[in-house]
Ligand code: 13P
Ligand code: SF4
């Protein structure tokens with residue numbers, strides 16, 4: 001028999017049958033499979049995931065917590081990652097070769113991570129080296145491709161998350177005079193400003209025109225920000241803040257540092273997803289909050305704190321579309337396939353890329 005005849009075609013898109021199953025049926029089936037696979041299966045879930053998925057997560061966290069959890073887990077054979085593509089890549093790179101990382105829907109990408117590709121980055125680095133020589137250290141937000149993490153790894157740099165960006169930027173300045181911060185200009189600008197770097201010492205690299213946007217003397221540049229952003233957090237504006245201040249003068253405003261500098265400085269508090277959750281958790285009963293972050297999380301926080309008045313900073317905010325691609329039907333589909341011994345939607349990062357990216361990830365994980 002021809003060997004090819006023995007290979008079963010593997011479905012890459014959600015089979016139709018999941019469209020017609022009831023929610024109860026799907027939930028019962030997921031529960032059953034989790035029970036059958038036991039410790040062989042581990043389901044991490046990011047805080048921005050839908051409730052229908054989060055209810056089955058073995059561990060819920062922000063990107064830092066999920067990276068740490070993935071690095072620690074040595075027993076699960078299957079890691080079904082409920083989050084977006086770059087998070088599943090990170091999990092694959094931090095786990096052993098025997099562990100299999102699965103993303104329930106391969107279309108769950110991240111528009112921010114897509115804003116820096118490796119060719120653009122290599123080109124930028126070359127140009128920037130002409131200007132600044134060997135004075136720069138690259139730092140990348142974990143919201144980036146494995147190839148960008150590898151680029152940082154081989155150039156002495158590291159990854160950061162919104163929870164440890166300050167610590168990592170501080171560390172970077174002990175290594176070199178300047179940093180190149182990819183791909184989120186806002187997290188980079190907000191963090192550097194918080195550490196005392198004035199806006200006048202920050203330049204912006206535009207990967208579409210291959211040019212540096214900066215008006216002053218090149219010698220003064222301390223931070224080069226990649227011109228990328230989060231398409232969710234960019235939707236919080238100073239106008240939203242003015243409206244909350246006008247209509248609810250006693251409300252606290254708390255935002256994620258992926259929001260722009262103007263929004264962060266006009267707010268009362270700014271910090272990572274975990275920081276926002278912890279702040280609301282410890283806030284007194286009856287306190288009032290307008291939150292500027294992803295909507296699945298804001299809705300969950302509202303449900304969990306009926307004793308507090310909580311609204312979204314932007315009343316017309318939607319959840320992150322790519323996070324939302326992971327839903328109950330996709331979760332069930334990959335779990336059923338896993339139980340049958342078929343591996344669909346496996347995330348496997350190239351060996352060489354992994355080696356270099358892990359250098360950047362470990363430089364972060366060692367310091368947090
Ligand atoms: P954190 O989980 O680091 O807060 O990041 C937010 C985010 O946008 C994840 O995609
Ligand atoms: Fe990417 Fe923003 Fe969605 Fe996070 S919230 S996955 S940064 S688009």
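From the backbone N, Cα and C atoms, a Cβ is placed for every residue, glycine too.
According to TrEMBL:
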BINDING   46, 63, 141, 142, 143, 162, 256, 257, 258, 273  iminosuccinate binding site
BINDING   110, 230, 320  [4Fe-4S] cluster binding site
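Residue 320 ([4Fe-4S] cluster binding site) sits 12 Å from residue 46 (iminosuccinate binding site), taking the CA atoms of both as reference points. Residue 320 ([4Fe-4S] cluster binding site) falls within neither a helix nor a strand when secondary structure is assigned with DSSP, and so counts as coil. Among the binding-site residues 141, 256, 320, the residues whose Cβ sits under 6 Å from any atom of ligand 2 are 320. When the alpha carbons of residue 256 (iminosuccinate binding site) and residue 230 ([4Fe-4S] cluster binding site) are compared, the span between them is 11 angstrom. Just so you know, the Cβ of residue 230 ([4Fe-4S] cluster binding site) picks up 24 other Cβ atoms within 10 Å once every protein chain is counted. Checking each of the binding-site residues (46, 141, 258) against residue 230 ([4Fe-4S] cluster binding site), the C-alpha distance stays within 10 Å for 258.
Same-chain neighbours of the [4Fe-4S] cluster site beyond 110, 230, 320, judged by a C-beta within 8 angstroms of the site's C-beta center, are, in sequence order, 48, 84, 111, 112, 143, 231, 232, 233, 258, 294, 322, 323. A sphere of 10 angstroms centred on the C-beta of residue 258 (iminosuccinate binding site) encloses 29 other C-beta atoms. If you compare every pair of Cα atoms in 46, 63, 141, 142, 143, 162, 256, 257, 258, 273, the residues listed for iminosuccinate, the longest distance is 17 angstrom. Each residue contributes its Cα atom, and for residue 143 (iminosuccinate binding site) and residue 110 ([4Fe-4S] cluster binding site) those atoms are 8 Å apart.
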